[in-house]
Amino acid sequence: MVGGGTVKKDLKKAIQYYVKACELNEMFGCLSLVSNSQINKQKLFQYLSKACELNSGNGCRFLGDFYENGKYVKKDLRKAAQYYSKACGLNDQDGCLILGYKQYAGKGVVKNEKQAVKTFEKACRLGSEDACGILNNY
């Protein structure tokens, strides 16, 4: 920093900047709000929805988790699978891994082992060690 000064930590101000960034369609601003316990859960869902709309694989995967676990929304395995699918399409390795599990087990999607293998292959290419391990044992 110029002059050697420091900025005092101010979580409230940081949240304001993240919210503003999210409102200005900056997906990282939206995602930065995820781990903050001071955020209203309904608002958090809105910020994640916006991140997903802005093509954040992480945002879509988090929404999938919410629907799968009934966290802040009514549990809906089909919607969860749709969000995991979008996350995978955006090259989110964990989204692909989870979608592969869903396809293999037929949870929220039609059971399709061939498609599950393809999805695990993509997750493995994206760096998922778990997916690579599944393929090695298949």
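Cβ coordinates are placed from backbone N, Cα and C, and glycine is handled just like the others.
Across the repeat 'TPR 1' (1-28), mean pLDDT in this model comes to 79. Marked as repeat 'TPR 1' by Swiss-Prot: 1-28.
Annotation source Swiss-Prot lists disulfide bond at CYS22-CYS30 (among others), citing experimental evidence. Listed in sequence order, GLY29, CYS30, LEU33, TYR47, LYS50, ALA51 are the same-chain residues six or more apart from CYS22 (disulfide bond) with CB atoms under 8 A from its CB.
What Swiss-Prot records for CYS52-CYS60 (among others) is disulfide bond, and it gives experimental evidence as the kind of evidence. When secondary structure is read from DSSP and collapsed to three states, CYS60 (disulfide bond) falls in the helix class.
Residues or ranges marked as repeat 'TPR 2' in Swiss-Prot: 57-94.
Per Swiss-Prot, the feature disulfide bond maps to CYS88-CYS96 (among others); the stated evidence is experimental evidence. A simple way to gauge crowding: the CB of CYS88 (disulfide bond) has 25 other CB atoms within 10 angstroms, across all the protein chains here.
Within the chain, the repeat 'TPR 3' (97-130) has long-range Cβ neighbours (under 8 A, six or more residues past its boundaries) at 61, 64, 68, 77-81, 84-85, 87-88, 91, 138. The repeat 'TPR 3' annotation in Swiss-Prot covers 97-130.
Secondary structure at CYS124 (disulfide bond), as computed by DSSP, is helix. What Swiss-Prot lists as disulfide bond is CYS124-CYS132 (among others).
Cβ neighbour density within 10 Å is lowest for CYS132 among the disulfide-bonded residues CYS30, CYS52, CYS60, CYS124, CYS132.
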